[in-house]
Amino acid sequence: MAASVGDAPFVGLTSLALTDFRNYAALSIRLRSRFVVLTGDNGAGKTNLMEAVSLLTPGRGLRRASYGETARSGGSGGFSVRAEAEGALGQTRLATFVKPGEDGEGAARAVRIDETVARSADELLDHLRVLWLTPAMDGLFTGPANDRRRFLDRMVLSIDPAHGRRAADYERAMRQRNRLLGEPRADPVWLAGIEEQMAELGVAIALARAELVGLLRAMIGEAPDDAPFPKADLTLDGGYPFPFEGMAASDLETEAARRLAEARGLDARAGRTLEGPHRADLAVFHRAKAMPAALSSTGEQKALLIGLVLAHARLTRAVSGIAPILLLDEIAAHLDPGRRASLFDIVEGLGVQSFMTGTDASLFAALGPRAQHLTVSNGTVAA
Ligand SMILES: Nc1ncnc2c1ncn2[C@@H]1O[C@H](COP(=O)(O)OP(=O)(O)OP(=O)(O)O)[C@@H](O)[C@H]1O
């Protein structure tokens with residue numbers, strides 16, 4: 001499994017151990033393939049296992065669940081996820097856990113890398129990048145902008161690990177400004193300081209998103225036109241209402257800060273900040289049909305999303321040099337046999353480790369001996 005694929009060395013998990021995680025009291029499995037196929041009945045624990053892998057990257061994982069929900073009911077109240085990996089910096093042991101009683105609102109999970117406490121979960125990105133596609137994302141194109149923004153920011157994070165911190169700091173500054181604007185005699189000097197910070201972070205966020213969208217469009221453009229998944233076109237909407245083209249970042253920050261100062265009255269009345277990158281949206285189109293993704297058929301939307309995630313995986317590998325781990329939950333069941341076989345071949349070509357789920361092992365027959373098959377049943381896993 002250590003062989004290099006093209007210019008990016010193989011990155012993947014070689015073992016996974018869980019305690020008190022969802023319906024797993026204790027689990028320890030060895031992973032020995034690029035394709036890890038999880039099959040089992042509804043409710044067996046397939047998505048739970050993927051969710052555990054998704055916590056080996058910053059954020060709240062693929063369900064965005066609270067730690068209280070994640071800890072096994074009837075268990076200790078805490079949980080742990082441990083993995084051995086061939087990471088981007090070599091073999092490594094990764095662990096993340098929440099101790100009993102530490103699952104309150106705003107609590108951070110602990111992260112250890114090679115038994116050393118990490119300052120933040122961002123350090124996991126030095127070793128792994130984990131991307132996912134789950135049925136909960138099916139409504140991405142028709143649902144709230146919030147979800148698309150989060151999707152966009154996760155895509156940025158995998159090529160620019162500083163993005164998570166940037167976004168969190170911006171949110172914190174914005175909450176502070178909103179609170180201050182609600183006070184009768186807010187100190188204008190204090191406000192100006194916060195607005196300067198918001199402008200600096202906000203412009204950096206907008207530029208990082210624009211860069212990701214540009215790179216992704218180029219990556220999608222390079223794929224052959226007969227690719228089995230339709231090509232998406234992407235644009236960024238909303239956010240700052242002034243042009244970024246040809247402007248120096250310092251000028252953009254000055255303009256963003258000026259507009260925030262000007263909007264204080266308006267924002268105070270609205271009780272929120274009305275303009276900025278927290279209002280941006282990712283517009284997705286079906287390229288060949290020149291149609292917004294939201295107006296495409298359900299099947300077309302699913303295929304577009306798969307194409308987008310695969311292009312993003314390719315981009316992540318190209319930009320970061322780290323082949324990302326792909327979590328594909330219940331994807332195979334939605335594809336006809338031809339497209340399914342194409343998906344497997346594309347994923348193999350990406351040189352990544354992938355985890356795939358389905359209720360029926362026959363869905364993965366085309367993988368043949370390329371896959372490690374694991375049967376999941378009621379919180380246990382058998383080879
Ligand atoms: N905190 C928890 N403690 C114990 N069990 C839990 C917890 N959270 C979820 N579960 C159980 O985990 C099961 C769901 O597991 P999961 O979503 O992984 O199923 P799945 O195998 O992906 O099923 P499907 O094929 O339906 O998607 C449910 O039976 C649920 O009750």
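If you go along the chain as it appears here, the first residue is 1 and each next one adds 1.
Cβ coordinates are placed from backbone N, Cα and C, and glycine is handled just like the others.
Remember, it's a predicted structure, so these values are computed and weren't measured experimentally.
Database features (TrEMBL):
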- 32-380: domain 'AAA+ ATPase' (DOMAIN)
- G40, D41, N42, G43, A44, G45, K46, T47: ATP binding site (BINDING)
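Listed in chain order, the extra residues whose Cβ falls within 8 Å of the Cβ center of the ATP site residues G40, D41, N42, G43, A44, G45, K46, T47 are N48, T357, T359, V376, S377.
The 10 Å shell around the Cβ of T47 (ATP binding site) contains 22 further Cβ atoms across the protein chains shown. Comparing the binding-site residues G43, G45 by how many other C-beta atoms lie within 10 angstroms of each C-beta, the top residue is G45. Within the same chain, the residues at least 6 positions away from D41 (ATP binding site) whose Cβ sits under 8 Å from its Cβ are T359, S377, listed in sequence order. A44 (ATP binding site) has a Cβ environment of 21 other Cβ atoms inside 10 Å.
For G40 (ATP binding site), the same-chain residues lying six or more positions away in sequence with a CB closer than 8 A to its CB are K46, T359, T375, V376, S377.
Highest local Cβ density among the binding-site residues N42, K46 belongs to K46, counted as other Cβ atoms within 10 Å over all protein chains shown.
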